[in-house]
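Accompanying notes for the structure given below.
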Amino acid sequence: MASGAPQNSSQMACDGEIPGFLDTLLQDFPAPLSLESPLPWKVPGTVLGQEEVEAELTELAMGFLGSRNAPPAVAAAVTHEAISQLLQTDLSEFKRLPEQEEEEEEEEERVLTTLLDAKGLSRSFFNCLWEVCSQWQKRVPLTAQAPQRKWLVSIHAIRNTRRKMEDRHVSLPAFNHLFGLSDSVHRAYFAVFDGHGGVDAARYASVHVHTNASHQPELLTDPAAALKEAFRHTDQMFLQKAKRERLQSGTTGVCALITGAALHVAWLGDSQVILVQQGQVVKLMEPHKPERQDEKSRIEALGGFVSLMDCWRVNGTLAVSRAIGDVFQKPYVSGEADAASRELTGLEDYLLLACDGFFDVVPHHEIPGLVHGHLLRQKGSGMHVAEELVAVARDRGSHDNITVMVVFLRDPLELLEGGGQGAGGAQADVGSQDLSTGLSELEINTSQRS
């Protein structure tokens with residue numbers, strides 16, 4: 001799910017945009033899939049836990065429709081309707097019996113969850129998707145044409161010198177459309193996940209955190225609390241999957257949910273988000289690292305230890321103190337996120353979310369100058385600013401995967417007119433309220449308006 005800069009007005013789907021897309025799609029797929037038909041998109045594994053179905057099939061549909069150049073709001077609305085229809089049906093025909101090996105495990109070790117056949121479920125879902133598209137070709141519901149704020153988001157990610165790309169990111173401007181929220185508050189969600197020990201945990205988090213957030217009762221009243229709980233619940237879900245499939249990976253993560261004139265962020269580990277306002281860095285969060293005294297004390301109180309090797313590590317292994325996954329390092333590596341909220345005044349320039357492959361070599365105070373310099377050279381275009389920031393980190397010696405996402409909160413041309421360069425090393429820590437609250441292997445560059 002990728003996309004993009006807010007304008008002063010909302011965006012509504014053009015009169016012919018939705019029917020035109022549906023006409024083209026249904027020309028290529030004129031009938032539901034038969035049992036012999038190949039699936040048009042990759043299936044998410046061989047089995048799914050019942051609680052995983054909504055998020056995994058949502059990801060499948062958004063990937064498929066995005067590959068067909070569906071407008072993001074249209075893809076989200078169609079996906080939501082198809083998911084809603086599927087979840088009202090009896091899914092018991094897709095139940096899979098446990099493997100013999102799992103049956104023989106000790107009772108206390110057994111992962112008790114209903115497993116469903118992913119391929120059969122995906123085929124049934126594609127046919128729900130086809131049915132919705134056929135219905136909407138005749139008449140598009142008004143809910144699918146609801147206004148959506150326009151965004152400019154610049155994203156760039158590289159594998160760098162690492163053997164595998166373990167980062168994942170999410171850019172979801174059509175949050176309301178995807179989850180059927182019909183109130184007057186515009187919502188957009190952005191996230192970066194930095195995996196380690198494999199990509200499974202990062203991919204899982206990029207699929208499930210926002211879906212879990214959408215189901216939290218606090219989403220409408222306390223969005224930061226909803227994000228915090230979404231991280232915790234996603235960690236619990238992934239730990240079940242990890243035990244079932246013998247996965248050992250983990251992921252840090254950071255996300256931002258913009259709800260009208262408010263910003264809510266949540267984070268786990270050392271991925272970070274900063275806000276730049278009138279050329280000044282506004283500190284929103286403190287990353288979780290083993291060397292932080294409070295983190296070190298928490299780990300030691302649980303019976304673990306923090307040691308300095310090439311860097312500070314938990315129990316001599318992991319260089320992060322909080323993460324989704326890392327099943328064999330729980331509870332020392334915590335799955336409890338922190339969160340914060342702040343009101344937006346309209347003077348904010350942009351958000352920047354990135355993994356430690358960027359922030360380890362590019363200090364916060366340099367970012368406004370780097371972005372401003374890019375905008376000057378590009379005459380106010382911010383489309384490729386993330387690519388330049390990634391290049392800066394790589395040239396400074398970062399060997400890690402690098403992902404950078406810049407979410408503009410004002411038109412980049414306005415930032416040039418206002419001289420948003422920042423004052424050297426100035427950094428503000430303004431009013432943050434702490435609350436209890438598909439990639440290519442080598443590189444991805446996504447910069448678009450939506």
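Just so it is clear, glycine is given a Cβ too, placed from its N, Cα and C backbone atoms.
Taken together, the residues in the domain 'PPM-type phosphatase' (152-409) have a mean pLDDT of 96 on the 0 to 100 scale. Residues annotated as domain 'PPM-type phosphatase' in Swiss-Prot: 152-409.
The Mn(2+) 2 binding site annotation in Swiss-Prot covers Asp194, Asp356, Asp400. Asp400 (Mn(2+) 2 binding site) has a Cβ environment of 22 other Cβ atoms inside 10 Å. DSSP assigns Asp400 (Mn(2+) 2 binding site) to coil in the three-state reduction, outside any helix or strand.
Annotation source Swiss-Prot lists Mn(2+) 1 binding site at Asp194, Gly195. DSSP gives Asp194 (Mn(2+) 2 binding site) a strand state.
Marked as region 'Disordered' by Swiss-Prot: 420-450.
Annotation source Swiss-Prot lists compositional bias 'Polar residues' at 433-450.
The feature phosphoserine is assigned by Swiss-Prot to Ser450, with similarity to another entry given as support.
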Let me know how many other Cβ atoms fall within 10 Å of the Cβ of Asp194 (Mn(2+) 2 binding site).
30
What residues, ordered by sequence, lie under 8 A Cβ-to-Cβ from Asp356 (Mn(2+) 2 binding site) and sit at least six positions away in the same chain?
Asp194, Thr252, Asp270, Ser271, Gln272, Pro287, Asp400
DSSP state at Asp356 (Mn(2+) 2 binding site), helix/strand/coil:
helix
For the recorded Mn(2+) 2 site, whose residues are Asp194, Asp356, Asp400, find every other residue on that chain with a C-beta no more than 8 angstroms from the centre of their C-beta atoms, and list them by sequence position.
Asp167, Thr252, Asp270, Ser271, Cys355, Gly357, Phe358, Phe359, Asp360, Asn401, Ile402
